[in-house]
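Copied from TrEMBL, the annotated features are:
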type	residues	note
BINDING	T349	ATP binding site
DOMAIN	4-409	domain 'Methionyl/Leucyl tRNA synthetase'
DOMAIN	421-572	domain 'Methionyl-tRNA synthetase anticodon-binding'
MOTIF	11-21	motif ''HIGH' region'
MOTIF	346-350	motif ''KMSKS' region'
Amino acid sequence: MARILITSALPYINGIKHLGNLIGSQLPADLYARYNRGRGNEVMFLCATDEHGTPAELAAAKADQPVAEYCADMHKVQTDIADRFGLSFDHYGRSSSMQNRKLTQHFASKLADAGLITEVEDRQVYSNTDGRFLPDRYVEGTCPNCGHDGARGDQCEECTKQLDPTDLINPRSAISGSTDLEVRETKHLFLRQSALRDQLDQWIDSKTDWPILTTSIAKKWLHDGDGLQDRGITRDLDWGVPVKKGDEDWPGMEGKVFYVWFDAPIEYIAATGEWAEANGKTDADWQRWWRTDMGADDVKYVQFMGKDNVPFHTLSFPATILGSGEPWKMVDHLKSFNYLNYDGGQFSTSKGRGVFMDQALEILPADYWRWWLLSHAPESSDSEFTWENFQQSVNKDLADVLGNFVSRITKFCRSKFGEAVPEGAEYGEQEQALIAELTTRIRAYEGHMDAMEVRKSAQELRAIWVAGNEYLQSAAPWSTFKTEPEKAATQVRMGLNLIRLYAVLSAPFIPTAAASMLSAMNTLNTSWPDDVAEALNALPVGHDFSVPDVLFAKITDDQREDWQSRFSGKRD
Ligand SMILES: [Zn+2]
């Protein structure tokens with residue numbers, strides 16, 4: 001039994017995520033977690049809300065709530081939606097947890113001990129009206145690069161250029177709108193990433209099985225221009241992890257917090273500590289996943305994220321871990337995704353364009369979305385959501401192929417043999433041919449799933465469903481029954497066993513439908529089909545079942561048109 005540690009990039013706390021966010025990390029991570037559990041591996045699957053930084057403070061101010069209360073509320077909202085999408089986290093943590101606070105302060109202290117932190121006099125925008133520094137998004141103004149007027153202190157959304165608040169032309173406070181601003185000196189901690197360049201370089205070189213796309217992004221940041229830059233890891237804010245050296249005060253850093261990008265990835269580890277605490281486990285129980293001196297040596301660690309997050313996961317977070325000099329588990333495989341576009345443009349949280357997770361569940365159950373998103377995952381390039389494609393994929397793959405198979409065989413059996421697996425004879429030539437084909441296909445499916453090839457896995461799963469349909473079509477028990485009822489019984493027995501097999505194989509993609517199929521087959525047997533012939537005899541003769549409700553309803557043209565217009569404009 002392998003031990004697999006899986007983390008999904010942390011969704012930011014300020015609002016409900018859209019489907020593009022979902023397929024960019026959480027959903028494929030869930031697919032992989034469910035698959036590995038299905039194979040009998042020991043899985044620890046973690047995610048958390050990323051709660052610090054200026055966007056959270058600004059969103060809380062807009063909602064007229066204290067920021068801690070706003071984050072607690074939004075965490076509940078995100079947890080609920082994640083549950084309803086079937087995201088099977090072992091723990092969904094919070095980067096504002098006490099565990100993360102302690103661990104972030106611990107890492108900072110280790111980095112300081114190793115001489116990897118310097119104190120730098122920095123120039124920051126200060127608002128006389130607001131009586132405070134204005135880091136990152138607290139300053140708005142005109143982009144020096146493209147002239148866009150609504151540029152924020154960390155980035156211009158129009159031209160995507162990364163900015164520093166002092167770069168903005170005609171800057172103003174995002175809190176009060178005041179232009180009574182000045183640049184003041186303030187002291188900040190910088191992580192000396194440049195001193196870790198060779199170590200990071202060697203570590204990246206050791207990852208020979210990583211996709212070129214991933215290693216080339218990391219190499220570019222390591223070597224382009226002046227090479228990897230030192231990075232400010234503190235901010236003049238109230239909301240965040242207070243700057244401390246372990247348990248001790250950090251002279252000169254009073255009232256400052258760590259930058260959100262420093263503490264957020266540490267939450268991957270801290271969330272495991274939260275899991276331990278929430279489940280009455282010991283420190284050793286979570287450390288065996290993360291400390292190579294505590295048993296994590298045999299753990300395979302996989303991270304899922306959007307491509308924009310790759311530099312932080314290949315350089316910044318590894319710099320924190322390597323620099324600590326402590327034996328922490330580092331990532332073994334990093335699976336990154338391109339972007340999902342929406343109907344001829346981009347999903348946009350700020351513009352409210354596209355379908356958001358809560359809206360998706362208002363119109364259809366999670367499995368419909370899970371299937372489409374995973375089978376169209378933006379792996380090798382960006383992909384696009386269109387309502388036509390969604391309708392076609394749901395109607396063909398889910399309703400016509402899988403749903404129809406289940407409905408047809410269960411109803412036919414009920415009408416001719418009753419609601420129990422009929423006896424018939426031994427499986428014949430046709431059944432043996434099917435077993436041979438399914439064996440080949442299931443081994444291919446496992447190969448794609450192990451390699452985290454999401455689209456290829458979906459294609460193979462669909463082919464496995466199709467093989468059963470083709471068998472049923474050509475065996476035609478409804479005709480056989482007239483002349484050879486015993487043979488028809490054998491065919492039906494095969495069909496009912498296929499339903500259980502499909503439920504087990506499909507559960508990572510469509511867990512709710514898979515559970516309905518198992519429940520209709522009246523079985524708790526979810527064992528993986530290592531031996532396909534054996535798996536197709538799992539439901540014995542005489543075993544009771546019931547005819548399930550329709551698994552997947554077809555999407556009508558009227559519905560499609562209705563949703564198309566409903567989601568074309570601004571989210572209300
Ligand atoms: Zn710009």
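Quick reminder: no glycine exception, Cβ is built from N, Cα and C everywhere.
Reduced to three states, the DSSP call for T349 (ATP binding site) is coil. Its Cβ taken as reference, the residue listed as 'ATP binding site' is surrounded by 17 other Cβ atoms within 10 Å in the chains shown. A Cβ distance under 8 Å defines the sequence-distant neighbours of the motif ''HIGH' region' (11-21), meaning residues of its chain 6+ beyond its ends; these are 47, 49-51, 53, 55-56, 58-59, 70-71, 74-75, 77-78, 81, 306, 339-342, 346-347, 349, 354-358, 360, 369, 373, 385. This prediction places the mean pLDDT of the domain 'Methionyl-tRNA synthetase anticodon-binding' (421-572) at 96.
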